[in-house]
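**Student:** Quick paste of what Swiss-Prot says about this protein:
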{"type": "BINDING", "residues": "Gly7, Ile8, Asp9, Gly10, Ser11, Gly12, Lys13, Ser14", "note": "ATP binding site"}
Amino acid sequence: MFITFEGIDGSGKSTQIQLLAQYLEKRGKKVILKREPGGTETGEKIRKILLEEEVTPKAELFLFLASRNLLVTEIKQYLSEGYAVLLDRYTDSSVAYQGFGRNLGKEIVEELNDLATDGLIPDLTFYIDVDVETALKRKGELNRFEKREFLEHVREGYLVLAREHPERIVVLDGKRSIEEIHRDVVREVERRWKLDV
């Protein structure tokens with residue numbers, strides 16, 4: 001069971017991943033939570049660079065890919081040991097943020113993602129969709145025009161991916177309550193894996 005959570009900052013994905021982890025653990029599943037960028041010792045160093053330093057869009061993409069490649073090795077090991085792996089961001093983030101937001105192009109980012117991940121695709125992705133205005137309000141960044149425009153492109157990237165991969169990506173309305181979103185997450189997980197309740 002490999003599940004990823006996607007969405008722009010302020011969408012509520014980190015909350016939902018924690019709630020799903022608790023839900024699965026209560027049902028006896030071994031659960032591993034990881035995040036991107038990061039998730040490994042070297043990945044966390046890369047995360048620090050990405051958060052603290054100005055880099056070009058291409059350098060940003062390559063740093064994400066390097067972090068992801070290291071993490072995939074661990075994810076494969078956990079999956080082989082029967083863990084449910086829950087990941088806060090994965091390849092769809094790069095397509096949305098670098099491909100659409102930074103305008104590097106969807107196809108090239110997808111090709112590089114495939115190389116970095118050895119083709120490891122999540123079983124299920126929850127994209128928590130929230131409009132940019134709401135996300136910025138939640139993050140306290142309402143007056144950042146350049147951020148707003150960038151995030152509009154990112155959101156569009158996510159929506160394009162959701163339309164292209166409806167069998168994998170479940171779109172959830174991020175404006176609803178935490179409890180309502182969690183109910184939908186649980187319903188979809190139970191539907192796919194027939195968990196004992």
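Glycine too: its Cβ is placed from the backbone N, Cα and C atoms.
For each feature listed, report its degree of burial, its nearest neighbours and the pertinent distances within the displayed model.
**Tutor:** In this structure, Lys13 (ATP binding site) is part of a helix by DSSP.
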**Student:** What are the other residues, in sequence order, whose C-beta lies within 8 angstroms of the center of the C-beta atoms of Gly7, Ile8, Asp9, Gly10, Ser11, Gly12, Lys13, Ser14 at the ATP site?
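**Tutor:** Near the ATP site, the remaining chain residues are Ile128, Val130, Ala135, Gly174.
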**Student:** If I restrict to non-local contacts, at least six residues apart, and a C-beta distance under 8 angstroms, what lies near Asp9 (ATP binding site) in its own chain?
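**Tutor:** Counting only residues 6 or more apart in sequence, the Cβ neighbours of Asp9 (ATP binding site) under 8 Å are Ala135, Lys139, Leu151.
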**Student:** Any idea which of the binding-site residues Gly7, Gly10, Gly12 has the thinnest Cβ neighbourhood at 10 Å?
**Tutor:** Gly10
